[in-house]
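The block underneath contains the structure these notes are about, expressed in structure tokens.
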Amino acid sequence: MSLYATQDEKKQAAAKAALKHLPKGGILGVGTGSTVNFLIDLLPELQLEAAVASSQATADRLKKLGIEVVDMNHVGSLDAYVDGADEIDRHMHMIKGGGAALTREKIVASIAKKFVCIVDDSKWVDQLGRDFPLPVEVIPMARSAVARKLVSLGGDPVYREGVVTDNGNIILDVFNLNILNAIDLEKTINNIPGVVTNGIFALNPATIAIVATNDGIEERTAQ
């Protein structure tokens, strides 16, 4: 018997539980996605000075709630960055980018003192990449060249039709990658000419994961 009737209720619970890990006042980095949207609706409780958004969609939602959104170039560091994940493992390594905001998410997370990841337990996995493809943001002219390189790494890249990132680039979703060493693969793919970044977040993993399970909220850190 689950405490939650739907997956959305789990997402809401994870979002609410994350609030105590976020600073009151100050400037918060905010990610993108359905779970984060539940959190954004709760952010007025924190009386933030401002927020740095990882996507235009997040910026628009924050502004509607009266939260000032500032350019990251005017911010030295963030006390925290909060975001969801498409997959996360016990090392706090993640796959992100289902919403095509991976590059800006990775940039904003890079200046935060801690990364709070909020997920429901369907996103918790033993190994990254088995069930969810790895998104890779690519400069359009390099699409075919990058795809060939990804095939040589054992992946099956598929062009995400009709999607243009906030940076004007395209997404290749890479299926069937055997992600045994997430840090090495993140570096390898990022070194392919034409790749902006990929959706492995292992070089800068989550600090803590707030996981909504059938039995309630669990707080998990790297093992």
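Cβ atoms here come from the backbone N, Cα and C positions, even for glycine.
Cross-referencing K10, K63, K123 against the substrate binding annotation in Swiss-Prot, which names T32, G33, S34, T35, D83, G84, A85, D86, K96, G97, G98, G99, picks out K123. Of the recorded residues, E105 (active site, proton acceptor) and T32 (substrate binding site) place their C-alpha atoms 8 Å from one another. DSSP assigns E105 (active site, proton acceptor) to a helix in the three-state reduction.
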